[in-house]
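Chemist: According to Swiss-Prot, the protein has these features:
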BINDING   Arg140, Lys325, Gly350, Asp351, Thr383  substrate binding site
BINDING   Asn142, Met143, Ser144, His145, Arg182  ATP binding site
BINDING   Asn142, Ser144, Asp175, Thr176  K(+) binding site
BINDING   Glu327, Asp351  Mg(2+) binding site
COMPBIAS  6-24  compositional bias 'Polar residues'
REGION    6-26  region 'Disordered'
SITE      Lys325  site 'Transition state stabilizer'
TRANSIT   1-63  transit peptide
Amino acid sequence: MAQVVATRSIQGSMLSPNGGSVSTRSEKLLKPASFAVKVLGNEAKRSGRVSVRSRRVVDTTVRSARVETEVIPVSPEDVPNREEQLERLLEMQQFGDTSVGMWSKPTVRRKTKIVCTVGPSTNTREMIWKLAEAGMNVARMNMSHGDHASHKKVIDLVKEYNAQTKDNTIAIMLDTKGPEVRSGDLPQPIMLDPGQEFTFTIERGVSTPSCVSVNYDDFVNDVEAGDMLLVDGGMMSFMVKSKTKDSVKCEVVDGGELKSRRHLNVRGKSATLPSITEKDWEDIKFGVENKVDFYAVSFVKDAQVVHELKKYLQNSGADIHVIVKIESADSIPNLHSIITASDGAMVARGDLGAELPIEEVPILQEEIINLCRSMGKAVIVATNMLESMIVHPTPTRAEVSDIAIAVREGADAVMLSGETAHGKFPLKAAGVMHTVALRTEATITSGEMPPNLGQAFKNHMSEMFAYHATMMSNTLGTSTVVFTRTGFMAILLSHYRPSGTIYAFTNEKKIQQRLALYQGVCPIYMEFTDDAEETFANALATLLKQGMVKKGEEIAIVQSGTQPIWRSQSTHNIQVRKV
């Protein structure tokens, strides 16, 4: 039986001057300005006056709040005066000034998730804890580097963090190496100049100033005279001039410093290698044994690869979601079937920009995001997002815009690679990503749903309830509480993008960690009782205790999905309650 319940009429909630929902929405819109107001406000306190610039920050935010809430009539009591607003903003602490105990607050406020690659710069207990404070939602292990022992250490540390922290959880992603073509080891980097001749050979162990080996036996067969060979996605480039049975002779087009084990691409071509190599299968087995949450599968060319991997996981009894990395020219014609077979996609722009004309990458990024959203799949934007912060403490303005564009286009998550794996400023990079995503989200109009989303789900009753719960959240300015054992309803709600946070309560630790990837979802572990009302009350008490909601705030409660929890009482249930 389907049931929709409200503690008071929806119309009353919209019109009541004491409902509090409008002021709550105003506060949420005001929060992103806290950094500017805090900095400027401190100057004002020292000088004994409020600066004109800080007034402008508040004025702009107030105008944004008015635009957002024009649909709902309000009385003067609903909107605090400017002095109260300024005082509240000055009292708010900027993220990073607080201790670990305050981590839940920025998590609730920021919807776009952050994937951080853990490497030599961050693979200690202290750094993983600090990355979590800085905003990391998913810890990624790049299997192209390191060994199983080093990755096991990171997995154990993340699991330790999850066990010790009640108000946050970090998911674990294992990124397969895939069929990469790489140059061999060099005793020291080789400096190459434009016009110079250079040779790549399939003979192992060659490393001279004019020739280096590659790790792929069919390399010679895959290239032809006139092909453009790119190193590390275009940091260096070579024109193929001729080839023999075991070597490829090139002319340096864009020079630079060639280091050991550099990634090689041929523009417009993909290597004729299987998408999942023998090493990948070893790494996948390692992931099963250590119960990771996600596989990011490199260089997926067709859906068959995904089906093969999922069959293996099913036979192994492993509940691990598969994220396909779109980074091969061969994957573009099969994009729809690949994403359909998967649980999500990663826009891996580095290799994608090497195999395709670079000007196509932003167009493909938007298309892949839109396709994933219309199909109800998670989508991650990756590669070079804050590349300059590997060596510099501040990002370029273009990088900041890049993050904002990904957030505005609707990505579930944005990813840091070398920035946190081996960069000099991993915590600052994560902090920049958090701040930019948070500020961008404050400017996005709620209620923008992807077209054809309903066609992606077979459970039409759950769809309907997710849609109406989203409408309720957007109309009343409320957050949403959902109870789930499988994560299905929380993921479905996430793709509808309600304006408020989705608090997903689950009694499964595995589901809690998985939901850490999805936009707008704050996963919380809680044991469910046999009584729905008691569980609802416990959930609201938890949110109140953690400071995630305020007393008197309205919350939409959803209980629906593929495996209803309290089947005897109601299969599908939406309520609006006051905390």
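Each Cβ is built from the backbone N, Cα and C atoms, and glycine gets one as well.
On a predicted model such as this, the values are computed, not experimentally measured, just so you know.
Situate these features within the shown structure.
Modeler: Under DSSP, Gly350 (substrate binding site) is assigned to a helix (H, G or I) in the three-state scheme. Sequence-distant contacts (6 or more apart, same chain, Cβ under 8 Å) of Gly350 (substrate binding site) comprise Asp232, Gly233, Glu327, Thr383, Asn384.
In the three-state DSSP scheme, Met143 (ATP binding site) is classed as coil.
Its Cβ placed at the centre, Thr176 (K(+) binding site) has 27 other Cβ atoms within 10 Å.
Cβ neighbours of Asp351 (substrate binding site) (same chain, under 8 Å, six or more residues apart in sequence): Gly233, His263, Asn265, Phe299, Glu327, Ser328.
Long-range Cβ contacts of Lys325 (substrate binding site) within its own chain (separation 6+, distance under 8 Å): Asp175, Gly178, Ala296, Val297, Ser298, Phe299, Val300, Ala345, Met346, Ala348. The DSSP secondary structure for Lys325 (substrate binding site) is strand.
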Chemist: Could you tell me the C-alpha distance between Asn142 (ATP binding site) and Thr176 (K(+) binding site) in angstrom, no decimals?
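Modeler: The Cα atom of Asn142 (ATP binding site) is 7 Å away from the Cα atom of Thr176 (K(+) binding site).
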Chemist: List nothing but the largest Cα to Cα distance in Å, as a whole number, among the residues Arg140, Lys325, Gly350, Asp351, Thr383 that the record says bind substrate.
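Modeler: Result: 18 Å between the two most distant Cα atoms.
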Chemist: Count the other Cβ atoms sitting within 10 Å of the Cβ of Thr383 (substrate binding site), across every protein chain shown.
Modeler: 21
Chemist: Just to be sure I understand the packing, how many Cβ atoms besides its own are within 10 Å of the Cβ of Arg182 (ATP binding site)?
Modeler: 17
Chemist: Cβ atoms within 10 Å, counted per site: which of Arg140, His145 has the most, among these binding-site residues?
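Modeler: That would be Arg140, with the highest Cβ count within 10 Å.
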Chemist: Within the chain of Ser144 (ATP binding site), which residues six or more apart in sequence place their C-beta under 8 angstroms from its C-beta?
Modeler: Asp175, Lys177, Glu180
